[in-house]
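Trainee: For reference, the structure I am asking about is given below.
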């Protein structure tokens, strides 16, 4: 257990981080707890969260608007990387953690704090992401992790908090644990801990059910420049507005729900429900424009590195030499990723129905057509195939 006099706490307003405030003071001897809540576009009543921290005993309660850097510096690189952990989860929650941890360190430096703290438990991924990031950015700061060390059950944690006037937001009527930001929602706990039980419609908040989604399909064009999405249906937007538009567009049609078994960093499997309509839509469209503008060997290599990029981010290594090296590769690969992808949204599905790139398309109709315009030299195929298959013939000559 580390010791610190002034601590900056990553604060969400939930039970664990609220209980951390009196616990740090009573059990760790911390004199000043500075609560920091990040605005990531979640739409919470942040003023209420600020008041709640003070009520729980914080010396200061700070709110930081991180929406713009969250989307521009974390979400958009993930889109260019086609980042899907285990091929499915687009890291909507994981991407926020290194940004919050970085901000904790910055505030600690500004206010001359000698420690930082978080309320992550010992079973989750976030403890890893916070600890690894803080260790990479500020190994000299004391890192306090009361929720990992106090050994209280959920009921005991709530009872401890009630002694200090902390009211739990989770009840029998709402047993779910929900994390929300502009990229989407993650929902777990409660009835969802049974992986065979279908989630009820009440757990979803930003995607329509199939029954309630429009009965007519909608067509949308998404424009990419250097791998970045820059416009939807001809309307250019800055990144935050574009994500909001993509969320609205895809969510309305019931696209973006995930119900998956996920392998956590600590080695256990968990059942996770995600709503990430806009992010999944943009990744799908980005994959398609890449297929038109990048050569096969680059696509193949990038697809393998994308999985490694997603693994690094999921496991807390945003600020690592390998992640930085992969960023360099991905940035180079995106120079020619320019063009428009047309999608059809309908009843929970997004289908790509068109793609074009004026300057960078590697699709040449005169070479691909089977019509009279065909300019491909068919006679060259025979020699190519002979050389291409030569290793197989040599093997056969020697061994058969």
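Residue positions begin at 1 at the first shown residue.
Every residue gets a Cβ built from N, Cα and C, even glycine.
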Trainee: Going by the ATP site in Swiss-Prot, where 10, 11, 12, 13, 14, 15, 16, 17, 18, 119 are listed, which of the candidates 38, 83, 94 is also part of it?
Mentor: 38
Trainee: Residue 12 (ATP binding site): which of the binding-site residues 89, 129, 177, 186, 262 is the nearest Cα neighbour?
Mentor: 177
Trainee: Tell me, if you would, which residue among 16, 126, 262 (binding-site residues) has the fewest other CB atoms within 10 Å in the structure shown?
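Mentor: Ranked by other Cβ atoms within 10 Å, the binding-site residues 16, 126, 262 bottom out at 262.
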Trainee: Would you mind ranking the binding-site residues 18, 121, 125, 177, 186 by how many other Cβ atoms sit within 10 Å of each Cβ and giving me the lowest?
Mentor: 121
Trainee: To the nearest whole angstrom, state the Cα distance for the pair residue 125 (L-citrulline binding site) and residue 10 (ATP binding site).
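Mentor: Cα-Cα, rounded: 15 Å.
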Trainee: Please name which of the binding-site residues listed here, 89, 177, 186, is nearest in space to residue 14 (ATP binding site), Cα against Cα.
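Mentor: Closest candidate to residue 14 (ATP binding site), judged by Cα separation, is 177.
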Trainee: Can you tell which of the binding-site residues (89, 119, 129) has the fewest other C-beta atoms within 10 angstroms of its C-beta?
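Mentor: Comparing Cβ neighbours within 10 Å for the binding-site residues 89, 119, 129, 89 has the fewest.
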Trainee: In Å, rounded, how far does the Cα of residue 186 (L-citrulline binding site) sit from the Cα of residue 126 (L-aspartate binding site)?
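Mentor: Rounded to the nearest whole number, the Cα-Cα distance is 13 Å.
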